[in-house]
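So that you can see what the record holds, here are the features copied from TrEMBL:
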type	residues	note
DOMAIN	6-290	domain 'Heme-copper oxidase subunit III family profile'
TRANSMEM	20-45	transmembrane segment
TRANSMEM	57-76	transmembrane segment
TRANSMEM	97-122	transmembrane segment
TRANSMEM	142-164	transmembrane segment
TRANSMEM	185-204	transmembrane segment
TRANSMEM	224-248	transmembrane segment
TRANSMEM	269-288	transmembrane segment
Amino acid sequence: MFFSVGRTGYQSLQHSAWPFEISLGVVGLASSIVMLLHGNMGIWIPMWYDEVSGMVIMFYFSIFILMHSIISWWMDMVFEGTFMGDYTSFERLNIRWGFKLFVLSEIFFFFFFFWAWFYSGIGEISVKFVGKWPPVGVKAIYPWRVPFLNLLLLVSSGMFSQASKWAVSCHSKELDTKKSGHYKFAALLSMMVSILLGLLFLWVQSEEYYWCSYTIADGVFGSSFYMLTGFHGMHVMVGLGFLLVCWFRLLWSHFSFRRSFLGLQNAIYYWHFVDVVWIFLFIFVYGWPHKLLTGVWLWTY
């Protein structure tokens with residue numbers, strides 16, 4: 001029996017250790033990546049068959065901690081909100097604002113990476129008015145091929161995820177009619193297409209990395225490019241996990257009449273945030289080096 005979300009008032013929930021565990025996983029993952037980029041920082045642990053870097057151990061252990069804490073946190077929230085009925089109107093309001101603040105922190109996270117990109121690019125151009133961006137010897141990726149394809153894939157994925165939300169809303173209104181099953185099928189199909197388009201985006205991005213003519217070690221241009229696009233790719237992976245959880249919840253009818261679909265809304269908001277970030281990446285990271293911004297020439301060197 002699922003609980004209705006019509007309840008109001010404040011519900012005191014049990015303390016959760018998952019945020020602390022996630023923070024440990026993030027710190028370990030970041031530290032291992034720093035040691036990967038600086039090989040002399042690796043800790044070598046002798047084994048009976050070979051030598052294994054402590055950085056590698058820390059990397060995989062941090063990923064394990066992250067996956068365990070994220071999955072456990074999702075399971076607790078689904079159990080509390082769907083089966084226990086602990087999420088009253090005040091609890092849902094707190095979750096909604098907490099998620100908005102989380103997205104705001106992500107916006108500032110990318111803001112400072114974009115700041116580094118513009119600071120470095122404008123600085124290179126302004127050196128005696130003869131500088132270049134990208135620097136001489138670095139061939140920037142042409143924006144109207146693979147990057148534009150990725151833009152279409154990600155925006156289309158966001159549209160299908162939004163269609164899934166609309167189908168859930170219609171399903172809630174038509175629960176007692178024969179159309180209910182059709183709306184549920186439409187929601188599941190739209191969400192699955194959104195997930196597949198996101199996976200295709202990651203595959204195309206990996207192919208772009210493989211064929212790219214510069215690496216993260218090629219000066220400030222390469223490091224800024226891979227930091228921006230790489231962290232965006234990590235957010236795409238997190239968003240796909242979020243959407244996948246919502247797909248199973250749609251399959252099990254967790255989002256239906258008189259019950260909140262707050263989890264689905266948050267997942268779609270996060271996915272739209274990922275879309276918007278990629279639009280900025282396409283314009284400023286891929287377009288600016290080719291003097292392109294929505295199809296017009298802006299800078300001349």
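Note that Cβ sites are derived from N, Cα and C of the backbone, with glycine treated the same way.
For the transmembrane segment (142-164), same-chain residues at least 6 beyond its ends with a Cβ under 8 Å from one of its own Cβ atoms are 186-188, 190-191, 193-195, 197-198, 200-201, 204-205, 207-208, 236, 243, 246, 250, 264, 267-268, 271-272, 274-275, 278-279, 282, 286-287, 290, 292. Residues 99, 103, 106-107, 110, 114, 117-118, 121, 133, 140-141, 143, 147-148, 150-151, 154-155, 157-158, 161-162, 194, 198, 225, 228-229, 232, 235-236, 238-239, 242-243, 294, 298-299 of the same chain sit 6 or more residues outside the transmembrane segment (269-288) yet have a Cβ under 8 Å from a Cβ within it.
Within its own chain, the transmembrane segment (224-248) is flanked in space by residues 70, 74, 106, 109-110, 113-114, 116-117, 120, 154, 161, 164, 188, 191-192, 194-195, 198-199, 201-202, 205, 214-216, 255, 263-264, 266-267, 270-271, 274, 277-278, 281, 285, which lie at least six positions past its ends and keep a Cβ under 8 Å from the stretch.
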